[in-house]
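> Would you mind keeping the following structure in view while I ask a few things?
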Amino acid sequence: MGLSGLLPILVPFILLGDIQEPGHAEGILGKPCPKIKVECEVEEIDQCTKPRDCPENMKCCPFSRGKKCLDFRKIYAVCHRRLAPAWPPYHTGGTIKKTKICSEFIYGGSQGNNNNFQTEAICLVTCKKYH
């Protein structure tokens, strides 16, 4: 079997591999992931590794220092800094959703939401992108 015989077999694999690259899939599957570069102190646990890991209307995107399921119908604008490790996880953070400034608050919980960041500086960089 020469090169011409192998080509029809290889073309579908080449095309599928190209579509699965993040840059190509984003254009096909809807809105692209936010392109916000931030320097984080601690690696975060990924919520997802591929789009099917996320609930309907959400997309698996690199966000802050891990991969998160993001809902593009919402604006991500809440920040936090970790106060205590592990259990119970109490966080301090702020919101700019209404006032468009970061204000501190303390909350506890095991998972929180996608609107959280390790420092106020990271929050401000991220939130500035959306306002």
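Glycine is treated like the rest: Cβ placed from N, Cα and C.
Reproduced below are the annotations present in Swiss-Prot:
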DISULFID  Cys33-Cys61  disulfide bond
DISULFID  Cys48-Cys60  disulfide bond
DISULFID  Cys54-Cys69  disulfide bond
DISULFID  Cys79-Cys127  disulfide bond
DISULFID  Cys102-Cys123  disulfide bond
DOMAIN    26-73  domain 'WAP'
DOMAIN    70-128  domain 'BPTI/Kunitz inhibitor'
SIGNAL    1-25  signal peptide
> Given the disulfide-bonded residues Cys54, Cys60, Cys69, state which is nearest to Cys33 (disulfide bond) when distance is taken between Cα atoms.
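The smallest Cα gap between Cys33 (disulfide bond) and any of the disulfide-bonded residues is with Cys60.
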> In terms of DSSP three-state secondary structure, what is the assignment for Cys48 (disulfide bond)?
coil
> If you count other C-beta atoms within 10 angstroms, which of the disulfide-bonded residues Cys33, Cys54, Cys61, Cys69 is the most crowded?
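That would be Cys61, with the highest Cβ count within 10 Å.
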